[in-house]
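Record features, source TrEMBL:
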DOMAIN    33-310  domain 'NADP-dependent oxidoreductase'
ACT_SITE  TYR72  active site, proton donor
SITE      LYS102  site 'Lowers pKa of active site Tyr'
BINDING   HIS135  substrate binding site
Amino acid sequence: MAAGDAAGRRGTTTAAVVVPAVALSSGKPMPRVGFGTATATLGQAEGHAGVTEAVLRAIDAGYRHFDTAAVYNAEAALGDAVAQAIRAGTIASRDEVYVTSKLWIADAHPGRVLPALEKTLQNLRMEYVDLYLVHHPVSLRLPEAEGGSAVVVKKNLVAMDMKGVWEEMEECHRRGLARAIGVSNFACKKLEHLLSFARIPPAANQVEVHPYCRQNKLREFCREKGIQLCAYSPLGGNGTAWANNSVMDSPVLKQIAQDRGKTVAQVCIRWVYEQGDCVIIKSFNESRMRENLGIFDWELTDDDHRKISDLPESRGNYNFFVHESGPYKTVEEFWDGEITAGHSTETAFVSSD
């Protein structure tokens with residue numbers, strides 16, 4: 001899409017929503033609601049142009065926080081969209097957006113972290129990311145990692161040298177390539193281990209959070225340690241390999257939505273927001289993009305919160321990194337005994353052999 005097309009489209013859309021931001025332990029404040037670029041096909045179905053167009057529409061709607069990762073195959077499309085939005089005048093500069101990316105498990109080895117971030121920045125065509133996360137607390141055995149495959153071959157999972165990897169994450173921060181650093185999919189014990197040697201503590205921890213995966217223990221731990229919890233899959237990740245379909249199909253959430261005159265999606269996002277978390281939402285549908293930002297001028301009731309707190313908890317992202325030959329042989333080990341219910345999902349991106 002040409003810059004002129006973006007500018008022309010802006011004139012036909014409604015006013016953008018202003019999203020509140022929260023201060024982190026380092027870097028600039030993070031907008032509390034972000035736009036996700038992880039798709040069920042890791043970008044294969046949507047293509048570069050599809051992701052770019054979705055991000056442009058999200059910028060029009062008011063999103064300024066964009067979440068991506070090396071494995072999503074969306075970094076270059078995100079970078080193109082931001083560049084187009086600057087040329088069109090939708091945003092004044094790169095500094096107006098907050099960009100998060102993540103270190104994939106194939107590069108979660110000492111000696112590979114800095115080159116991986118440099119590759120991410122090359123894809124984004126940016127000089128820095130606002131937040132760089134260790135995607136999972138596990139690594140992929142070399143040389144299997146050399147191909148850069150998005151597929152997780154479980155038999156090749158190995159323990160991550162957390163100290164060595166984190167030292168290089170800290171170096172990325174010192175060089176100004178990552179204004180803040182953090183982790184993703186870390187439960188309490190793993191965070192505690194990381195904090196035991198980190199010179200720069202993680203600014204954020206991005207994990208699955210929704211009414212059926214509430215993460216109360218982890219949230220309390222992160223709050224005590226000054227780590228911002230950031231939620232992915234607030235709607236349960238519908239349609240993805242990591243989906244928890246309990247969320248959008250929930251009679252309880254549907255009733256709360258009806259009572260509030262809102263959608264189930266808005267109820268879920270508002271619930272996460274009221275926990276104090278940042279929340280990453282992914283919808284490439286423009287009307288839903290805007291609808292998902294309609295959460296700031298109303299509140300859930302105490303009774304709504306009580307009903308949600310009684311829902312049974314389970315994970316959508318459950319056992320992708322659990323294998324009999326790997327560092328985590330059980331779901332309990334991988335998630336440190338926190339919310340261990342879930343179900344195994346078949347996906348082309350994960351294999352045991």
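Going from the start of the chain as shown, residues are counted 1 onward.
Note: Cβ is positioned from N, Cα and C throughout, glycine not excepted.
Annotated features, which come from TrEMBL, shown on the structure.
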residue : record                               : Cβ neighbours (10 Å)
TYR72   : active site, proton donor            : 21
LYS102  : site 'Lowers pKa of active site Tyr' : 27
HIS135  : substrate binding site               : 20
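Across all of the domain 'NADP-dependent oxidoreductase' (33-310), the predicted model scores a mean pLDDT of 93. A separation of roughly 5 Å, to the nearest angstrom, links the Cα atoms of HIS135 (substrate binding site) and LYS102 (site 'Lowers pKa of active site Tyr'). A distance of 10 Å separates the Cα atom of LYS102 (site 'Lowers pKa of active site Tyr') from that of the residue listed as 'active site, proton donor'.
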